[in-house]
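A.B. asks: TrEMBL feature annotations, pasted as is:
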ACT_SITE  Cys261  active site, nucleophile
ACT_SITE  His345  active site
ACT_SITE  Glu347  active site
BINDING   Ser40, Gly233, Gly235, Leu262, Gln265, Asn303, Gly305, Phe306  L-glutamine binding site
DOMAIN    1-126  domain 'Carbamoyl-phosphate synthase small subunit N-terminal'
REGION    1-174  region 'CPSase'
Amino acid sequence: MLADGKVFHGHGFGAPGLAVGEICFNTAMTGYQEILTDPSYRGQIVTLTYPHIGNTGCNGEDAEGRGIFCSALVVRNRPRAPSSWRSEEGLEDYLRRHGIPAIAELDTRALTRHLREGGAQNAALMVGPDADPEKALAAARAFPGLEGADLIAEVATAQSQSWDQASGAPREGYRAQPRTNLPHHVVVYDFGAKRNILRLLADRGCRATLVPPETPVAEVLALRPDGVLFSNGPGDPAVLHEARARMAAFLEHDLPLFGLCLGHQILGLTLGARSLKMKFGHHGANHPVQDLRSGRVLITSQNHGFAIDADTLPARVEVTHRSLFDGSLQGMRLRDRPVFSFQGHPEAGPGPHDAACIFDDFVASFRSSQEKRIHG
Ligand SMILES: NC(=O)CC[C@H](N)C(=O)O
């Protein structure tokens with residue numbers, strides 16, 4: 001049930017009950033488990049436009065976070081018989097175990113067109129014998145929406161954790177050996193970080209310390225990191241005033257800083273730009289983004305409903321990437337400092353991997369800023 005009163009009926013599966021959120025559509029053909037477990041989807045009902053979802057089941061290795069973070073799932077075909085040597089559990093059981101309601105056998109194309117034309121809106125899904133259109137409509141209308149929503153406390157780590165091995169769920173060479181003696185150290189401000197960020201850092205020789213969003217700057221500096229990464233996360237970046245204040249303090253130090261998705265938006269706001277709510281956002285795995293310096297086009301994974309308005313960036317910022325779908329800002333950097341950010345997901349699991357080179361740039365910036373410190 002959409003807040004505008006449009007209703008879709010289908011077959012419920014997953015956990016029975018009521019779920020509310022902003023409904024969005026994601027056009028990725030693969031990676032449903034990574035989408036479900038991406039903490040940035042907190043507060044959202046995800047519609048997958050690709051009709052065959054669940055075919056390869058779910059497993060413990062592909063999760064991007066500790067559970068499922070979206071409120072509910074909408075798919076075309078009901079997933080019945082997973083087939084993959086990696087599958088440990090079918091999608092239906094996986095959803096039920098995490099208490100997430102889902103719906104199938106409805107016209108996901110009609111729903112997607114409706115959202116594309118009218119823009120994102122709030123919705124409710126009811127699964128089970130108590131499903132009732134009036135109750136669902138009241139619930140959809142009562143949902144406060146994502147604008148103004150600070151959701152990071154619900155998804156971020158409460159305690160510092162270290163990630164010095166790729167053992168969390170290695171992608172290449174399953175159950176790879178823990179990696180020790182990694183030469184670099186990155187502190188990751190966890191606003192709902194996807195695990196693949198940590199895996200890609202480990203792949204590049206970085207041990208990571210994940211810290212809660214409210215960790216004071218001095219505490220992070222005392223860890224003597226080579227660089228600080230501000231992660232992706234859910235909700236509206238405009239209300240994260242404390243994160244912005246912390247980012248401003250980091251900008252006073254000559255430390256490489258890297259903002260990803262929500263982290264990119266916090267950087268933009270800190271530098272004085274404005275954020276905006278997009279009509280229906282970017283959610284998919286094949287979004288073309290142009291690197292304006294080389295002209296190269298990267299096929300990227302995306303999941304964001306807010307964006308930084310490039311027209312409001314100050315002169316010290318260089319726009320490095322733009323979306324070829326709508327021209328919106330996708331990447332930026334400071335002209336005079338090793339500080340940069342990316343709106344999409346260069347860490348995308350299961351891919352595409354075109355933008356993973358941005359992690360290489362981050363690691364390369366450790367070296368150049370160390371050289372600068374040594375040679376003045
Ligand atoms: N993936 C993210 O970090 C999303 C950032 C922010 N919550 C948005 O929707 O735009």
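Indices start at 1 and increase along the chain as displayed.
Every residue, even glycine, has its Cβ placed from backbone N, Cα and C.
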A.B. asks: Compare the Cα of Gly305 (L-glutamine binding site) against each of the active-site residues Cys261, His345, Glu347 and report the nearest.
C.D. replies: Cys261
A.B. asks: What does DSSP give as the helix, strand and coil breakdown of the domain 'Carbamoyl-phosphate synthase small subunit N-terminal' (1-126)?
C.D. replies: 26 helix, 35 strand, 65 coil
A.B. asks: Could you tally the C-beta atoms, other than its own, that fall within 10 angstroms of the C-beta of Gly233 (L-glutamine binding site)?
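C.D. replies: Within a 10 Å radius of the Cβ of Gly233 (L-glutamine binding site) lie 31 other Cβ atoms.
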A.B. asks: How far apart, in angstrom, are the most distant Cα atoms among the L-glutamine-binding residues Ser40, Gly233, Gly235, Leu262, Gln265, Asn303, Gly305, Phe306?
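C.D. replies: The two farthest binding residues have Cα atoms 13 Å apart.
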A.B. asks: Give the number of CB atoms, excluding that of Asn303 (L-glutamine binding site) itself, located within 10 Å of its CB.
C.D. replies: 28
A.B. asks: Across the region 'CPSase' (1-174), what does the pLDDT come to on average, as a whole number?
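C.D. replies: When the pLDDT values over the region 'CPSase' (1-174) are averaged, the result is 93.
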A.B. asks: Which residues of the same chain, at least 6 positions away in sequence, have a Cβ lying under 8 Å from the Cβ of Gly235 (L-glutamine binding site)?
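C.D. replies: Expected: Arg42, Gly43, Leu146, Ala149, Asp150, Leu151, Ile152, Leu262.
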A.B. asks: Counting across all protein chains present, how many other Cβ atoms fall within 10 Å of the Cβ of Phe306 (L-glutamine binding site)?
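C.D. replies: Here the count is 19.
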A.B. asks: About how far apart, in whole Å, are the alpha carbons (Cα) of Glu347 (active site) and Ser40 (L-glutamine binding site)?
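C.D. replies: Answer for this pair: 14 Å between alpha carbons.
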A.B. asks: Tell me the coarse DSSP state (helix, strand, coil) of Gly235 (L-glutamine binding site).
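C.D. replies: Once the DSSP labels are grouped into three classes, Gly235 (L-glutamine binding site) ends up as coil.
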A.B. asks: Among the recorded positions listed here, Gln265, Glu347, which has the most company in the form of other Cβ atoms within 10 Å of its Cβ?
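C.D. replies: The largest 10 Å Cβ neighbour count belongs to Gln265.
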A.B. asks: What Cα-Cα separation, expressed in whole Å, is found between Gly233 (L-glutamine binding site) and His345 (active site)?
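C.D. replies: For Gly233 (L-glutamine binding site) versus His345 (active site), the Cα atoms are 11 Å apart.
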A.B. asks: Between Asn303 (L-glutamine binding site) and His345 (active site), how many Å separate their Cα atoms?
C.D. replies: 7
